[in-house]
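K.L.:
Below you will find the structure I want to go over with you.
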Amino acid sequence: MFAKAFRVKSNTAIKGSDRRKLRADVTTAFPTLGTDQVSELVPGKEELNIVKLYAHKGDAVTVYVSGGNPILFELEKNLYPTVYTLWSYPDLLPTFTTWPLVLEKLVGGADLMLPGLVMPPAGLPQVQKGDLCAISLVGNRAPVAIGVAAMSTAEMLTSGLKGRGFSVLHTYQDHLWRSGNKSSPPSIAPLALDSADLSEEKGSVQMDSTLQGDMRHMTLEGEEENGEVHQAREDKSLSEAPEDTSTRGLNQDSTDSKTLQEQMDELLQQCFLHALKCRVKKADLPLLTSTFLGSHMFSCCPEGRQLDIKKSSYKKLSKFLQQMQQEQIIQVKELSKGVESIVAVDWKHPRITSFVIPEPSPTSQTIQEGSREQPYHPPDIKPLYCVPASMTLLFQESGHKKGSFLEGSEVRTIVINYAKKNDLVDADNKNLVRLDPILCDCILEKNEQHTVMKLPWDSLLTRCLEKLQPAYQVTLPGQEPIVKKGRICPIDITLAQRASNKKVTVVRNLEAYGLDPYSVAAILQQRCQASTTVNPAPGAKDSLQVQIQGNQVHHLGWLLLEEYQLPRKHIQGLEKALKPGKKK
């Protein structure tokens, strides 16, 4: 379901009543969880968000996010745990085991075929058709996928372990997993006999090189089953088989690498130094600490990683900046009550001068179907002029008719050629043009018809352009040009009051510039650390607006001007940004 990128509709903090309902739903859906475990999974006071999204096939899914990780998702009123949750509660669902080579196929969207199952010494778990199950890999009990059983255990055995076993909904490494902290499965020892007993166990499980080759051809449902998995029949046991590289790869991060907190501390330091060295200038000071985080540090986060201060040892931005101030890299002051700003930076500090800027990579700005996301490039916007009926006589000699679209330079050339061809240039003063009946009808007002006989070149051209209808052409990268009458509407940024006197930022007309409102909302939600929603724009057909909690005009302006490189003339409302020292 999440093999391809999804589209976020909204991301909001959960209400108290919804939190209580979610707890009740979790208790009903997963009766094996105790009261303490339910409270741990759905905390009472910690931040919990509801993300509504559309999967790539159009399914409406509700995802519950806690601590930056998706913990549960709801589809057609059924509640499912994510792999992040299953790693904390590995026995929550009946678990079936498969080979590490199969994982790549599952991540790509394949269902799990029964030949891919590994038969444990104790036999397969007992399930009925439609039961929710977990899927783990040989050597590690941490689930890497969840799916719905396509048949009961008895039917699986009767079929000789052939056919489709599980409809896979979610996997480790899919796009739902990527929306979290992207941690690897923990190493959880299998509930099995020790290696000595396994070697004596009749029918012990193993996989030879031929079988590994077959597994690489495992197919989707409906295709020929080239990748059937059988238990090997040689004398060697699993304990004697060489360690599978796929299994090693899955567990290596959690055992050998640094802890997630240490990794986040390093990422925080990297983004901090990168922002000071490349983005912040002396003229930007004093700089709100919230702006420094949202507009500068987040922009320096490497592609594929997510900066989350709550997962660092500092927990809060203010605590981290205090540490940087103690190291005399920056100076932070409270210029107004409750609002801190960076007022000074020591750009000669050894940590800044010695910092090596990471290899730049284009920031993925659009969320598209498929695993490859494309960077945003601003469109080429060109003003045009449309020939109205009243100007047809002037332009028909050059082959143009009513409704023709022309550039300003083309209009100039046509008017000059018309004047020269009809010998209208004044003989005594080359800067003047005599007006013939066609020019009089096209560019003069009625009260000027008998009084104005000549016009300077610049006045003639200006009047001509004013009489033409405005139009424009938008060319998005890789697409055919789009030509429309009228003037292109600017991206409109406004502030509005909502319930409880809360202020929100609303932005409209993003689509005209090739921007996906859902993508922009997702980026702003991360940058501003505020809830965002996408709704139909009032009074505009087939147009959406993005709403962000609080005054986020500064963050929005930085995104549009600095990162998307859109011209300022196409954006209105930037003056509504918070001034340094003012409260939100």
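The backbone N, Cα and C atoms fix where each Cβ goes, and this holds for glycine too.
According to Swiss-Prot, the protein has these features:
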- 227-238: compositional bias 'Basic and acidic residues' (COMPBIAS)
- 93-173: domain 'PUA' (DOMAIN)
- 491-564: domain 'SUI1' (DOMAIN)
- Met1: N-acetylmethionine (MOD_RES)
- Ser237: phosphoserine (MOD_RES)
- Ser254: phosphoserine (MOD_RES)
- Ser361: phosphoserine (MOD_RES)
- 223-257: region 'Disordered' (REGION)
K.L.:
For the domain 'PUA' (93-173), how many residues does DSSP put in helix, in strand and in coil?
P.N.:
17 helix, 31 strand, 33 coil
K.L.:
Across the whole of the domain 'SUI1' (491-564), what does the mean pLDDT come to? Round it, please.
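P.N.:
Result for the domain 'SUI1' (491-564): average pLDDT 86.
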K.L.:
Can you break down the domain 'SUI1' (491-564) into helix, strand and coil residue counts using DSSP?
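P.N.:
Summed over the domain 'SUI1' (491-564), the classes give 29 helix, 26 strand, 19 coil.
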K.L.:
Let's check the environment of Met1 (N-acetylmethionine): how many other CB atoms sit within 10 Å of its CB?
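P.N.:
For Met1 (N-acetylmethionine), the 10 Å Cβ neighbour count is 21.
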